[in-house]
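> Quick one: the structure is below, questions incoming.
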Ligand SMILES: Cc1cc(N2CCCCCC2)n2ncc(-c3ccc(F)cc3)c2n1
């Protein structure tokens, strides 16, 4: 897409980014760590769960924006393996959000040809949570549009440990030899098998990876927004895409 002539000097950074997004250079896989929901609520004298609810509205907005701009895979870090350490009432609330989200959004996601996937361990998820997610995965299995990949009960180190155990057992059973083990084989034994690595990682508020897709993010462009997730907007998303397009990706070469 040709750049539109713009009066850049008069526009804000986010206004510039929207007009200058090249539709032929959209990151195929965008991953987002949606941080700061509890602190957003605390700042407003609200209970932490109000921040999670506000955060879910932003999930709907950004999922739509990603789909419209042509992102192929959107991975959202909804609940980490470390999140089980939070207060019981907060965890119980969080574990109800998948079914709440799907109850209102699944029909529209299906109409938009979106395929819902789960990244993470099913073990340990409450039955009501797992049932809602599995039903959404099944109902959207044949869709060929945006892959909406929810990282739920996900931790990268446990994913890597599980991969090592699986590969080691196959070597022990002589189903694999040590010489067969290379980066491609490792990727095939991770929970993200079949998906390309993220091209762009967006994170709100904190500048760290928090045990998220550590293997997969090896060559991913990182973009941080100094806002809490509930305050993240479509304009922030477009700015991240625009900045991604300004970076020449070298994958380690010069
Ligand atoms: C645990 C949790 C928390 C959760 N938050 C809202 C967004 C901010 C981050 C934390 C709170 N959201 N938002 C959507 C989901 C979800 C998960 C799976 C699924 F199939 C459909 C929707 C979700 N799940």
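The backbone N, Cα and C atoms fix where each Cβ goes, glycine too.
Annotations in TrEMBL come from automatic prediction, not curation.
In case it's useful when we look at the structure, here is the feature table from TrEMBL:
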type	residues	note
ACT_SITE	35	active site
BINDING	36-40, 48, 52, 80-82, 84, 86, 203, 208-210	substrate binding site
COMPBIAS	1-11	compositional bias 'Basic residues'
REGION	1-21	region 'Disordered'
> Suppose we screen the binding-site residues 38, 52, 209 by Cβ distance to ligand 1 with a cut-off under 6 Å; which survive, in sequence order?
52
> Please identify, among the binding-site residues 52, 81, 84, 203, 209, the one with the smallest Cα-Cα distance to the residue listed as 'active site'.
203
> Translate the DSSP assignment of residue 38 (substrate binding site) into the three-state scheme.
helix
> Which one of these binding-site residues, 36, 38, has the sparsest Cβ neighbourhood, judged by other Cβ atoms within 10 angstroms?
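Each of the binding-site residues 36, 38 was scored; lowest Cβ tally within 10 Å is 38.
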> Of all the binding-site residues given, 40, 84, which residue's CB has the most CB neighbours within 10 A?
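The most densely surrounded of these binding-site residues is 40.
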> Any idea what DSSP makes of residue 203 (substrate binding site), helix, strand or coil?
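In the DSSP reduction, residue 203 (substrate binding site) maps to strand.
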> Using DSSP reduced to three states, classify residue 52 (substrate binding site) as helix, strand or coil.
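Once the DSSP labels are grouped into three classes, residue 52 (substrate binding site) ends up as helix.
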